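**Student:** So Swiss-Prot has the following annotated:
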{"type": "BINDING", "residues": "Lys23, Asn24", "note": "phosphoenolpyruvate binding site"}
{"type": "BINDING", "residues": "Arg93, Asp305, Val327", "note": "UDP-N-acetyl-alpha-D-glucosamine binding site"}
{"type": "ACT_SITE", "residues": "Asp117", "note": "active site, proton donor"}
Amino acid sequence: MAERFVVTGGNRLSGEVTVGGAKNSVLKLMAATLLAEGTSTITNCPDILDVPLMAEVLRGLGATVELYGDVARITSPDEPKYDADFAAVRQFRASVCVLGPLVGRCKQARVALPGGDAIGSRPLDMHQAGLRQLGARCNIEHGCVVASAETLRGAEIQLEFPSVGATENILMAAVVAEGVTTIHNAAREPDVVDLCTMLNQMGAQVEGVGSPTMTITGVPRLYPTEHRVIGDRIVAATWGIAAAMTRGDIAVTGVDPAHLQLVLHKLHDAGATVTQTDDSFRVAQYERPKAVNVATLPFPGFPTDLQPMAIALTSIADGTSMITENVFEARFRFVEEMIRLGADARTDGHHAVVRGLPQLSSAPVWCSDIRAGAGLVLAGLVADGDTEVYDVFHIDRGYPLFVENLANLGAEIERVCL
């Protein structure tokens, strides 16, 4: 049944919130279990819609998947199927991450082109090019990525852009290829590091983890393992930005602040007091936020997933800010909804200029993707009156217990069935 959120603005948020495992990590870890026959256990899984969706994809490939609490127990068969059908894959983008493991383990794959968030073009060109360099034939046929190989052999691979998805798919095929693979301009995101950590626990030989140059020495086989998902830095930062916007005081636990240094620096520039420990941070804002300029970049830059929240923050900041989107070209669709809330914002190509106002005004708004939805809810927290946010299933795909956590922090928010 379709649902909406009703957000009443004006409340100051305060308290403590613990984040779960990272959405951008857990789905790839689940896919990686296909590389090893037997049962792997993944803990600290977030309570989000995409986890059971990925479980369905894996079941369709012959795996047995048990989900209980924050644990996923996945048993990969001795001969996985290699055809990921459209019905399961179409619902979310990360489903394409089964491509690399299937090519690595089965030497063939047929994966329907995925669905997911409407944030711009995200072609699979680099995924295909990397697999071809490993010796696979890889093409788009009838709406599917079709790949096959007699043997995979290590290669020197230069990525045009440090794509997270391409890095991960190439990596998961290369760990069982013959010889040595070097990925130049590899993605350095904490989620990629988390995947490498699990693969090495399974018996892979991956070096240069977290650096732009990754070296993989192929091994004949991998083995099941148990692994704990890292904390979700995007969810954690969302709570930190919510504190800054509402002039609140929120402690966020369960995440490594080292994964968010630039974001926390920007919050400090906006006037927040930021303190950190090894696995937590606290954001306290006592006055109206100051304007800040933000440019999204691959890690360790400012995450593109937090761009909508940055626009929401600057929409009520003192001064004029420029937000530059360097990763996804269509992510500024979110600005149209912010304008409905009274934001003074305009876009020009990859740039958005936002002139901060003392307060936004309530209006009905629609989510186009996970992060845009979270940004709209944050905007509703500082709007005058009741803001109705529609298509909130997007938010449920990436934020566990979103309404409950906000309510515990002092927000006035309600989930309503349409």
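Cβ coordinates are placed from backbone N, Cα and C, and glycine is handled just like the others.
Quick caveat, the model's predicted, so the values are computed rather than measured.
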**Student:** Restricting to the record's UDP-N-acetyl-alpha-D-glucosamine-binding residues (Arg93, Asp305, Val327), give me the longest CA-CA distance in Å as a whole number.
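**Tutor:** Greatest Cα separation within the listed binding residues comes to 16 Å.
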**Student:** For the C-alpha pair, I'd like the distance in angstrom between Lys23 (phosphoenolpyruvate binding site) and Asp305 (UDP-N-acetyl-alpha-D-glucosamine binding site), rounded off.
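**Tutor:** With the alpha carbons as reference points, the distance is 12 Å.
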**Student:** Can you tell me the CA-to-CA distance separating Asp305 (UDP-N-acetyl-alpha-D-glucosamine binding site) and Asn24 (phosphoenolpyruvate binding site), as a whole number of Å?
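**Tutor:** Taking the Cα atoms only, Asp305 (UDP-N-acetyl-alpha-D-glucosamine binding site) lies 10 Å from Asn24 (phosphoenolpyruvate binding site).
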**Student:** Could you state the CA-to-CA distance between Arg93 (UDP-N-acetyl-alpha-D-glucosamine binding site) and Asn24 (phosphoenolpyruvate binding site) to the nearest Å?
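**Tutor:** The separation of the Cα atoms works out to 11 Å.
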